[in-house]
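Annotated features, as they stand in TrEMBL:
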{"type": "COMPBIAS", "residues": "A:429-441", "note": "compositional bias 'Pro residues'"}
{"type": "COMPBIAS", "residues": "A:442-452", "note": "compositional bias 'Basic and acidic residues'"}
{"type": "REGION", "residues": "A:429-452", "note": "region 'Disordered'"}
{"type": "TRANSMEM", "residues": "A:38-63", "note": "transmembrane segment"}
{"type": "TRANSMEM", "residues": "A:75-99", "note": "transmembrane segment"}
{"type": "TRANSMEM", "residues": "A:111-135", "note": "transmembrane segment"}
{"type": "TRANSMEM", "residues": "A:147-167", "note": "transmembrane segment"}
{"type": "TRANSMEM", "residues": "A:187-212", "note": "transmembrane segment"}
{"type": "TRANSMEM", "residues": "A:224-243", "note": "transmembrane segment"}
{"type": "TRANSMEM", "residues": "A:249-268", "note": "transmembrane segment"}
{"type": "TRANSMEM", "residues": "A:288-310", "note": "transmembrane segment"}
{"type": "TRANSMEM", "residues": "A:316-343", "note": "transmembrane segment"}
{"type": "TRANSMEM", "residues": "A:371-388", "note": "transmembrane segment"}
{"type": "TRANSMEM", "residues": "A:394-413", "note": "transmembrane segment"}
Amino acid sequence: MIGRQLSRWTMAWFASALAFLVASLCAAVAGAGGPGHWSGGAALAVVHLFALGWLCQMMLGSLIQFTPVLCARPVAVPGLALPALLLTGGGTAMLAAGFLSLDGWAPGQGLLALAPVVLAVAFAMTGAMLAPTLVGTRGLGGAEGRMVALALVALGGLWATGAAMGWALGGYDLLPVALFEALPLHILLGAGGFLTLAAFGVSYKLFAMFLLAPEGNGALRQAVFGTASLALGLTLGLTGLALAGRGSIPLSLLAAFADAAAVALYLAEIRRLWRSRHRPKTEVNMRWSCAALGFLGLSAALLPPAILWGGRWAEAAAFAALAGWLSTLTLAQMVKIVSFLTWIQVFAPRIGRCPVPLVSDLVDARATGRWLGLWVAGAAGGTLALAAAQASGFQLAALAMLAAALGLVREAWAIRRLRHLDPARRPGRLPPLVLPAPPQGPDHDHTRSARA
Amino acid sequence: MTTPDPLELDVRPQLQRGEEPFAAIMSATERLQPGQALRLVAPFRPAPLFAVMANRGFAVSDRRRPDGAWEVQFAPLEGAAPDAGLAPGSAPGAALWPDPSMTLDLAGLAPPEPMVRILEALAALPAGEVLFALLDREPMFLFPELTTRGHEWAGNFAPDGASYRLLVRSGGPDRGVDHG
């Protein structure tokens, strides 16, 4: 329906992603993975529960919700949102089980080969929903839509490298892939490619909205897009070489520098946006997004040494990007987005009919700030522990992140249930916590095609 | 090119339950494929709807069925698509609307405040009167609410892209239907 912009399954995408976040942190606290130990089955399972289950699901759910807002057009085939969600969640669980089979867990055998197929269908479904909206006149014409389209190209590369390695580990040598060469590119295409570029695109719109700053497609945004396209092009070229069993360190360094330059330009653009804002006092989501931007700068600075020397440099760079930059941004904005969508769902129909609260009344900003602070401390501690090869320090950091994640899950629950609102101002009937509201009589009853 | 079969909407059960079918009709209208007609079945001849649908670019034909119900077919008129540059969902006839009787400058307000101001203003605006609002960005979450409440709208960005212009023609003061 034209004009109906609330994606029905957004809360379900978020809930599924948060479940994977909590699961991955529990496993990290229990000691699966740690400094210098990322190649075992359990460690790879944890990494994928976090990167794919938490971050990619959160990003895909957000893109299905926000691409129509970025491009002012509804997504194509909105009915694919639920199957794509189920297949992404199922594919992630299968992948994690497949990795555990490398440690000898029998039930996971064969799943390492099957999971990429399931994920391919899930990603293709999401692409089918988003691509027609993005290539429309107002999609690729805007800085936001172009960036999201670039991110989806990176998602294709992320899947291809992941699938090639998964099949190689599972015993199917379909390509002469050199795992050692493909792994850094896989991480780069995921953390630096898909997730970071999509975050760039969505943040252009959301930051401008939350800061009351003018939007636009100025020279800086075009420079970010040009540099990011160059970096992605180089990374995809390297991927082609790696899948053919070859690698090139000088070209990798060039890609790393292009990535770092794109990040520097993006940070300059956000600084411009921040300074042109009309809202003097920023909200908790934007204040903690600044910490995320700090981690983005740190991970970009760590990229060249990570490519050159690998080891603890690479671990710290990847962790700063995944836990520091992407997760802090996602958690901070999630609180805002959940409160905004809940407000729209509950109170938009009541405007003009009875007094409605402010969106900010739905959130406990102080508690949210405390949990986000704890998350950032954990992410910083984890980055340091990886750089210093301190296994117990890393577990402690994971524990802090787990506590912060649970605190923010509780806050999201409280927002959905309007717990911070005076009971007298709460409507009697609330929408379901996670699942979409059942179809309303006036909207959906009694329509059928007269084809019969 | 083949024309898709009409989408049939029977509002009799809803009316029997005492519910207001307008939102369902508008929702069905927006689900139509290009060229597809809407076939409405109602216990009476829904004459007030004819003008609304004509404004949205539909030709009307109706007949009384042997069982006493009215069957009304709304077929889309060729070339009635909204002007280029108007947001999808904009009313095609907006150029012919009367001059706005109310103007709201909502620049510099954080979402969803512009939506609150517009809907509160519309709650008191007589049917047929037009409201003009100037915003910083396209109010994507407002559009479905306008449609559900029976208001028509048309919007586009100013040529410099820095502000958004929205016209809303009131469908009448609020009927107070709570569908939350």
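Quick reminder: no glycine exception, Cβ is built from N, Cα and C everywhere.
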Ranked first among A:38-63, A:249-268, A:316-343 for CB pairs under 8 angstroms with the transmembrane segment (A:288-310): A:316-343
Residue numbers, six or more beyond the limits of the transmembrane segment (A:111-135), whose CB comes under 8 Å of its CB atoms: 52, 60, 63-64, 67-68, 71, 73-78, 80-81, 83-84, 87-88, 90-92, 94-95, 97-99, 101-102, 145, 148-149, 152, 155-156, 159, 162-163, 166-167, 169-172
Tertiary contacts of the transmembrane segment (A:147-167) (same chain, 6+ residues out, Cβ under 8 Å): 63, 67, 70, 95, 98, 112-113, 115-116, 119-120, 123, 127, 130-131, 134-135, 139-140, 173-175, 177, 179, 182-183, 185-186, 189-190, 193-198, 200-202, 204, 224-225, 228-229, 232, 235-236, 239, 242-243
Two-stretch contact, the transmembrane segment (A:316-343) and the transmembrane segment (A:224-243), at least three Cβ pairs under 8 Å: no
For the transmembrane segment (A:224-243), distant same-chain residues with Cβ under 8 A (at least six beyond the ends): 143, 146-147, 150, 153-154, 157, 160-161, 164, 175-178, 181-182, 185, 188-189, 192-193, 197, 200, 251-252, 254-255, 258-259, 261-262, 265-266, 269
Same-chain residue ranges lying at least 6 outside the transmembrane segment (A:249-268) that approach it to Cβ under 8 Å: 184-185, 188, 192, 196, 200, 220, 223-224, 227-228, 230-231, 234-235, 237-238, 241, 293, 296-297, 300-301, 303-304, 306-308
Cβ contacts under 8 Å made by the transmembrane segment (A:75-99) with residues that lie 6+ beyond its boundaries: 7-9, 12-13, 16, 20, 41-42, 44-45, 48-49, 52-53, 56-57, 60-61, 64, 67-68, 105, 107-116, 118-119, 121-123, 125-126, 128-133, 166, 170
Sequence-remote partners of the transmembrane segment (A:187-212) [C-beta within less than 8 Å, at least six residues beyond its ends]: 51, 55-56, 59, 62-63, 66, 69-70, 143-148, 150-152, 154-155, 157-158, 161-162, 221, 224, 228, 231-232, 235-236, 239, 255, 259, 263, 266, 270, 273-274, 277-279, 282-283, 285-286, 289, 296, 299, 303, 314, 318, 321-322, 325-326, 329-330, 333, 336
